[in-house]
């Protein structure tokens, strides 16, 4: 009687990118390190700046192109003074236009890498993972800082949604919900406010019991979340921190093509 064994499929890896406004530029460096390490990322989740940069990467924009775009970004790319600032001081039309200039008018469910943007539903202050529908609308909602940008209604008759960072700035739970077995979470180590801790302590909050397998903290000392002047240094800090942290990451996943970079052909086996 013969027995056969088959290799177990590699565990799926989810990448979570935190909010942080201009500090989010560091995520481009994070993605560069992930690409270089050849890690197969099957799901990406993020809130606010993490949703913007992680979403673009999941849509096929590689880290090099993301970095070039960030280096020339200005605040006017995200919003201009609203004509009627009843719900927000800035109009997000420039942000929507820039998203579509970068990746086109996409549906989230059609992205090459599974992706979810975390938003906060107004009224219930409930975090919600958006995994289908307009990619542009989801990113605008996830980045809609209350008072600064107007809330976004993602579907007719649905709740108004604002910045996911209001209640879930580093949504590890979202990667698990997207099906990831292992999760790499990247944040900036800034203190969690008392009210955020209260939100996340509620039994109904999806963050309950969800911890990353690898937590990467990027040192942003000397940088402001509201100043784009530090983008080059932030990108490098993100790259250095992630490259160092990934030395401890178990390398038992099958490499995959990264956005914009197909895998080289496999090396043929040696002759017997």
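A Cβ is built for glycine as well, from the same backbone N, Cα and C atoms used for every other residue.
Per TrEMBL, the listed range annotated as region 'Disordered' is 247-272 (candidates: 221-246, 247-272). Per TrEMBL, the listed range annotated as motif 'GXSXG' is 46-50 (candidates: 36-40, 41-45, 46-50, 51-55). Spatially close to residue 163 (active site, proton acceptor) yet at least six residues away along the chain are 19, 47, 48, 119, 120, 142, 143, 144, 145, 146, 149, judged by Cβ distances under 8 angstroms. In the three-state DSSP assignment, the secondary structure recorded for residue 48 (active site, nucleophile) is coil.
Within the chain carrying the motif 'GXSXG' (46-50), a Cβ under 8 angstroms from the stretch's Cβ atoms is held by residues 16-24, 27, 117-118, 142-143, 145, 163-165, 168-171, 186, all 6 or more beyond its ends.
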